[in-house]
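Report on the following structure.
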């Protein structure tokens, strides 16, 4: 037995004690406390075990064979060599009929059994397999911890628990979630053990777990801890793989190679039953063999499955593969084929198809290490070749009923050779830092990092060698003097350090440093000492020294010393002449270090007057012999101010100080020492010293060589960016330099020639394109560059950059030396490689370009943008011209994806994802006529989530296959003609494939999945094998084959070039099967899935629908409201630019005879003219007239383009017409009074104000201004606007509120209302803007109001608040995003927008007022072209937020920007500043608090200011983009509004956010009330059911169902009085019905009685029956207690059910028997009335009413629904409204069988409600109004308040309150007495 440090002998014992689980086995004692030693430094430590022997000298492994009973061996019942804690007891299990241990308790960590007794002991069990016989306690959690020792002495903890939600791994811990999941739709059982949890045999392959997940070799099992809650029978270890379901007789008869479970370990199986009918077998991670069993084919699928769920985090070695279970007794292979990605390990031989026993040769793991073929094989045999790559889960499932045939496994083919890809080259440098580049000892190679890869580049040959293994970017490098050891650290905290054998490339040691992050590493000359500098988790600087002496001999790296420091360290270096001495420098500090006696000590050098210098780098002087330095050792230190300090490290004193200044002329001498404050020195970032010269790199981009006396510059080389590091080669003849712009090269001093070694993109690469003739590749990146590379040399050929525009997509022309590039601005440019310039530019897109693709014949180019437009170009010649522009064709996705578009190999077809992300459309490439449209969401019927397309790719040639990558991590192969699914390939990663590429011979399929590359053996039909390759540290954005098909390219953080090792020749058996055969098999699978996914059988499999014939003309398509496509010809002389209006994009038909003129500022292909930066007077138009005829047209017919900024207000699209005349009741006689409004308009912008000093709080909802008292919750409502309100503004004294609404059909222009806050009255109405008002702002003295029009209006208007006159109005050249007055000067205001910031000065000439304008462009260094928000800080600071997430600070006195920092990942729409605090809110839902107190001090530094002093104090994530915010003067508390319709109270002091106002974001479909009127419930299109307190209208409970809409709702009737009986039933768009308990706040039942969407639902009067109607007209009757649907009525089939209502009746009333009366109304104007007695199963049709309706074309606008309701004051009277011959309400008597009354209405009714308390009826109309009818007196009153069609009216049960809804607005009205 493996145990202590030496061999120990013990006697073999036998014995048994009654009542103890287990049986007799040989036993050996546990090793004592001295069995292992822990090294200093913590962590897992080194735990090496020596062999142990039993008496008689038998090796330790022998006595454990064939298996070991762990409980018996360690006598668990005595608790001497084991321990227990908490509730642990021995009980008798009824199923096993034996004694078992029960471990239970609420806290797992406090209730457990542990073996051995103490952690200092070791079990020393060497068996490969551990068998855990246990049963989870129902509805509880459990945890199993295993401490496993590796051959190198490392202890790894392996844990399994159903508490874990995801897989987690580190170098010392593996956590596997053990998830119980049902195959039924109930999700509330997921996670905890099921109520019918079974005894489980958990079989763990400890050897494979360590090898697959950590790459380590298993030694022995050290300890076990079983934690609550579970029952455990026993534990066993063995080297044999047992199958519990196979008996000895079966194994012998079938000659199986598996071992039957020993009788002692077996569970009892009742006679006549199978093992799997009673128990569960879990094998993880592999199975030993495939055991076919014919009986298994007849078994049924069990209701539960136990598995470890799909994980999201990455393995340290994702390429190392795990294996799933393949036993026919537990056919997990079948489960993997549908739910989990199956994969085949590569091997040179095929799987045998006849033999039942499979054994294969040794195979290497497909990982980064296997690419170099440096890692030896990890196992002697591979029992099976089916694997799951990259997954971390355990499956335990009973027979599925669809067993996998033996031929299916045999048909899986293997890659030849293995691996199929080998990394050849990497284009890139840096990643985290660009300062690390090292020379090798011989000076022939350079070592540098590229993100997570370390590259060794041979200078002469250009050959690259790689060190792979890091999972994050490399932060530091160090190479010892003899080139034997290489050390590297990675960024991800806690920082991991790898120690490499530099010659072989193998990793000698991987250890966790005590540092949170490491920024510097330094070796001693011999390599025995490694020093590291970094930060701990608290931000303190730490220096660590490690001993690496034993690393090369298989030993460990030991921490020698560690010290915390308070001073800054920028550079740290171990002296080459004495490895116990070091030096460091930083801000104002140079320290000399010494390591003695395991302690690091340092002493500061007295710098005197230079103590405030910012020191950046240091270097020891070199001697001629390389052993000792001249002058007893000199240390050179450089500074950011240009000073060079020479320090004698022995005397610890400064010898010389020189300051380097830029030379006035070549060779001009510089002073040896100059005054500290004189001149501007060279900002030195790095230096390196040789025997006679010193190399200096500076931030001005120069590398300069100086003599050691620094008398003159010997040589200099200019770079394209600041130099970050310099380094002399060992011979001193070459100087290596790196720049912050990703440049790596060296200067050859003798020849004075500079050689470029590597260039790099400085941001993620988004897309690539290869040129077929010249071997070139183009890449585009977020660093605003387009680069052309030579694929043979990996060198950069061209570099095109744009400071204002980001390239997003690229495509080479197949025949001409041109390429096309799409940009974030929507421009598509054609570049010539011959002239290195732009040939033509097109700006037809409104959004960022997402994809570019060109046909293989070079005729057509296609581009798509984030707004969904598709543009077709003719590119047959160099002058590319636009052919067609189609709107709303492509999926609107803001992220660039090169695989959204795809062209077929014959250039005849174009495929794209669109018009929605669930659709894939194929059109003709020449005409864009639609050929096929496939709904991807119907391809995976078993999924509970909506599936959508991510990437597409045509198969090569004309094979007619289209490959679609879906969001469910699958690649679906479709027939491009019929749309049938031919096959599916499951991704081995947990994320979807964002890029696809298929080789020309259709043998290899590439997919980019997160940070990995997956390669499939595409011709294999069943379970195709695949391999996964790592190396990228960020997501891979695109993959492609080179034109010669010999290499693979992947781009993401860098550019990787892979060699394809597979030969293109394949045997004939690998060709694809005929499409027809595949389609047939696939359809069958879909049919099975369809019938299993829902409770009802499907009539047919959902198949892609064939598109309609192409329209006769594109003009007709536009008028139909369908996808807009139109053509232009450059030869016809028409306008080159054609925009699609907002109305067309929303499906509206355009107004006839609309003339589209090009805007004067250039919205088309021509360059835009921008205003200058000088002060110019702005044109002042007449206050009462428009500027010009063109200005008038631009607002209506100019079809402006909406900016790509969420700051701009866009009114919600409405189809409801406005009524021009409303009959309001006299004042004081209103029967309805508006009491409360539920919700906040998240569609507005800056539409919420709060004044902390007065407590005034106002916000908007629709066209109402809501003024709310935050203490009492009472509301006041200011009515007056006729359209949706866009923004609010409160003046400085808080007495005036301005509100602006957009224009509409009742208002030709926008309304701006001026409100008196104390009185709540409208003082004045202003009108000037044509479309919408973007922003309002009061001047500091409240004399002026400035109003800013939106992107379509573009007018800046100034108003006098004294006279309310328009003083000035200016037409802007481009949209402006924000405006603000200068708080210190009422005559100055500032606007922010595109490319510039604009200063406006008010000049008063008598009664006239005009503007003077000064435009200041945005500095190119910011890289931000859109400023979207602004606010003033301390004078004279102005803070501006950008669309790219930057905050820049301007000095308004000088008009210059002096500081900027990255404040967010998205667009910043809100900025607030007060004192030393700044708040930013963005569309990423984040609200951040910044400390900006140092900014005024930084202003004095000007352009040299750095943003590192600005830091974020707090951050909160809200539920939507931030659109409005108000805070107190101290910025401690405030209120914030989001696009989700929520207003939050923010407390920065507590770091909390509390909901103040909440509402539905989407349409409200129903409102219901509790019988006692204490609560109400609403449901919406977003799938939410919300329960509100009726007294306070505060949200109490919310039930959310994802990806479904909740369309109807009902509350249990008054007969259910008890609280536990209070339930809400909701109907959803997928046909499901869910019952929610209010008291338990949980879903109690889910039913699926309908195939289509539910449209109406109601309870019976006793609450024991649910009536539901659907879109097809079916009415289902169900029991909520049992979930059974016992009756379906189809009388209304063909028309949707619009209303269902039930009421009680006397048993014999109306001449029929029954206690309940209920009705159903349908959309075809029919109403059925039924009498029922559900307890007696009686339901009879009482009456059938059908009302005449006009033709559909006669009804204007939206069709009204058919509604009916029982009259509360006479239940025998029916009230009906709908689409009839007249607008009226019909009263029908069930007793008289006739219509007794008709009440005329002004319009067709959209909603109806009758009051139970009085004879009142409310009817809602599409005209945004409603009418209250008093049925007793016959009077009527009209009411307004809503902004859209009033589609919902509901009285409360008492009739005191009325709820009305229009879209997401809910208004609560109080009913008053007459």
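Here the Cβ of each residue, glycine as well, is placed from N, Cα and C on the backbone.
Just one residue in 301, 729, 1570, 1811 has phosphoserine written against it in Swiss-Prot, and it is 301. Of the listed residues (16, 82, 299, 1504), Swiss-Prot tags 16 with phosphoserine; the rest carry no such note in the record, though that does not show they lack it. Check Swiss-Prot against the ranges 1004-1055, 1160-1211, 1212-1263, 1264-1315 and you find region 'Disordered' recorded for 1160-1211. In Swiss-Prot, the feature region 'Disordered' is placed on 1-59, out of the ranges 1-59, 355-413. Within the model, the repeat 'WD 1' (469-512) carries an average pLDDT of 89. Sorting the repeat 'WD 15' (1462-1500) by DSSP state (H, G, I as helix; E, B as strand; all else coil) yields 5 helix, 20 strand, 14 coil.
Across the repeat 'WD 20' (1800-1839), the DSSP tally of helix, strand and coil residues reads 0 helix, 23 strand, 17 coil. According to DSSP, the repeat 'WD 9' (988-1026) comprises 0 helix, 19 strand, 20 coil.
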